[in-house]
Structures are given as structure tokens and as C-alpha cells.
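Here Swiss-Prot flags Asp24 as active site, drawing on sequence analysis. The annotation active site, proton acceptor is assigned in Swiss-Prot to Asn72 on the grounds of sequence analysis. Here Swiss-Prot flags Asp24, Glu211 as Mg(2+) binding site, drawing on sequence analysis. The substrate binding site feature in Swiss-Prot is assigned to 25-29, Arg37, His41, 69-71, Trp73, Arg75, Arg192, 198-200; the stated evidence is sequence analysis.
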Amino acid sequence: MALSSTQAIPETGDIPRHVAIIMDGNGRWATRRHLPRTAGHAKGVHAVRRVVEACGRRGVRYLTLFAFSSENWRRPADEVSLLMRLFVQALEREVDKLQDQGVRLHVVGDLSAFEPKLQELIAQAQERTEHNDRLHLTVAANYGGRWDILQATRAMLRADPGLAQDPDRIDEARLAEHLSMAWAPEPDLFIRTGGEQRISNFLVWQLAYAEFYFTEQFWPDFGADELDAAFEWYRTRERRFGRTSAQLRGGAKR
């Protein structure tokens with residue numbers, strides 16, 4: 001299980017070890033160009049490819065992308081249908097590239113809601129890349145932070161039914177080991193494109209001590225230069241994890 005930022009002080013550096021991104025603004029990017037919203041989602045796939053490659057080159061070890069939230073089912077049916085098709089196409093087209101780049105793919109979320117073909121493709125892609133370790137790419141699909149905490153609670157109680165009668169034995173570490181990304185360190189840097197400033201039910205537990213970076217740039221236009229700007233901002237942050245600035249003097253700020 002990964003180290004918790006509320007239980008210990010994680011090691012940090014100039015390059016965030018774990019970057020989490022809400023890829024927002026696809027629809028607005030398309031609307032401003034008098035294109036259907038679906039065109040923006042298609043263009044956003046290219047941005048994913050750019051950012052995965054850029055993170056790998058810069059030494060990021062974990063990249064988590066919010067692809068489809070549990071609330072996105074509320075969108076128009078044709079848009080949801082296209083997003084599902086894009087997911088299928090990306091898995092079919094990109095898995096060989098991920099393998100060549102040493103990228104391990106993880107998909108987290110309630111995958112039972114997807115069609116069997118998509119579930120099968122997800123399983124195959126994860127199995128194909130499971131021995132890679134250069135970059136861990138996690139795609140959150142039909143994911144919600146509250147769902148994650150609920151499913152972890154249920155899994156914890158199934159693993160140890162006696163906890164229901166002795167709740168004082170429940171602590172952060174016991175619950176955290178059942179979260180969908182228990183194997184990964186908590187994000188150091190959270191990025192949201194598109195100008196909105198909220199986390200939208202993404203990694204509610206895991207973002208406790210992440211640095212939050214918001215940019216007006218729409219996701220289809222986001223690439224290596226924009227990622228470098230986020231990293232440059234990140235290097236200015238004083239990551240205290242509950243300590244005072246005085247305690248950090250003479251040592252590393254992050």
C-alpha cells in the first residue's frame with residue numbers, strides 16, 4: 001500500500017512523481033470552432049498521447065487521467081456513445097504504443113457498467129502492459145471519488161466482517177488499502193484544464209495534499225509546453241504537509 005500524506009511525509013522533488021489531470025474543455029474547444037462537441041473529444045485523444053509521452057520523458061512515474069466520471073452518464077446519449085467508441089478505439093490503437101514506451105495501463109472505476117466488449121478490451125490492455133514500469137498510466141472511467149470510498153468501505157468489511165461490531169479498529173490505513181488506487185502514491189500535482197476550479201468528485205481521498213493547478217487552456221490544446229508551465233509553477237510551491245515554513249528552512253521546500 002502506498003504511503004499516506006496524512007500519516008507520514010512523502011518524498012518530493014522538482015518533478016512531481018504523480019500527476020492527476022481532469023481533461024476539461026473538449027466540448028467548449030469544439031463549440032468555439034463551430035464544430036460538434038464530439039469533435040472536441042476526438043481531438044482530446046491526441047492531447048492524451050502528447051501528455052503521456054511528455055510525462056514519460058520528464059520522469060513522471062504515475063499519470064492519472066479522469067476520462068469519464070460516474071456523473072457523465074447524464075450527458076446527451078450521442079455524446080456518451082461517442083465517448084465509449086473513442087475509448088474502444090484508443091484501447092485498440094494505443095496499446096501497442098504504450099507497450100513500446102514501457103507504459104503500464106491501469107483502468108479504475110465501476111467497469112461493470114460498460115459493455116462486455118469494452119470490459120474485455122480493458123482487461124486485455126492491462127494484461128498486455130502489466131510488466132511495464134517506466135510510467136503507470138491510470139485512466140479513471142465511470143469513476144467517482146465518493147464511489148471509491150464507498151466501494152473501499154464495503155471491501156474492507158467483506159475482508160473483515162468483525163469490523164462492523166468493532167468499528168474502533170477501523171483506521172485510515174485499513175480503509176486506504178481497499179481504494180481503487182491503493183498501489184499508487186498520492187498525487188503530488190493536480191491539473192485541471194478548461195478554466196473550472198473544482199475537483200468534480202475526482203480522487204476525493206487521494207488529493208488531500210496535492211498542489212492544485214488550474215489553467216484556462218482547453219484540453220485539446222494542452223501539450224508538453226503547458227505541462228512544463230505546470231511543473232514550473234509546482235516548483236514554486238512550499239509543500240509543508242502540516243509543518244511550518246520555519247521547519248523547512250535549510251532544507252528542500254517540496
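Even glycines carry a Cβ here, placed using N, Cα and C.
Annotated features, which come from Swiss-Prot, shown on the structure.
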| residue | record | contacts (Cβ under 8 Å, 6+ apart) |
| --- | --- | --- |
| Asp24 | active site | Arg192, Thr193, Gly194, Gly195, Glu196, Phe218, Trp219 |
| Gly25 | substrate binding site | Gly40, Thr193, Gly194, Gly195, Gln217, Phe218, Trp219, Pro220 |
| Gly27 | substrate binding site | Arg37, Gly40, His41, Glu79 |
| Trp29 | substrate binding site | Gly40, Lys43, Gly44, Phe218, Trp219, Pro220, Asp221 |
| Ser70 | substrate binding site | Gly109, Asp110, Asn142, Tyr143, Gly144, Trp147, Asn201 |
| Trp73 | substrate binding site | Val80, Ala113, Asn142 |
| Ile199 | substrate binding site | Ile22, Gly145, Phe190, Arg192, Leu207, Phe212 |
Distance between the residue listed as 'active site, proton acceptor' and Glu211 (Mg(2+) binding site) at the Cα atoms, whole Å?
25
Which of the three DSSP states, helix, strand or coil, fits Glu211 (Mg(2+) binding site)?
strand
Please work out the number of neighbouring Cβ atoms within 10 Å of the Cβ of His41 (substrate binding site), leaving out its own Cβ.
21
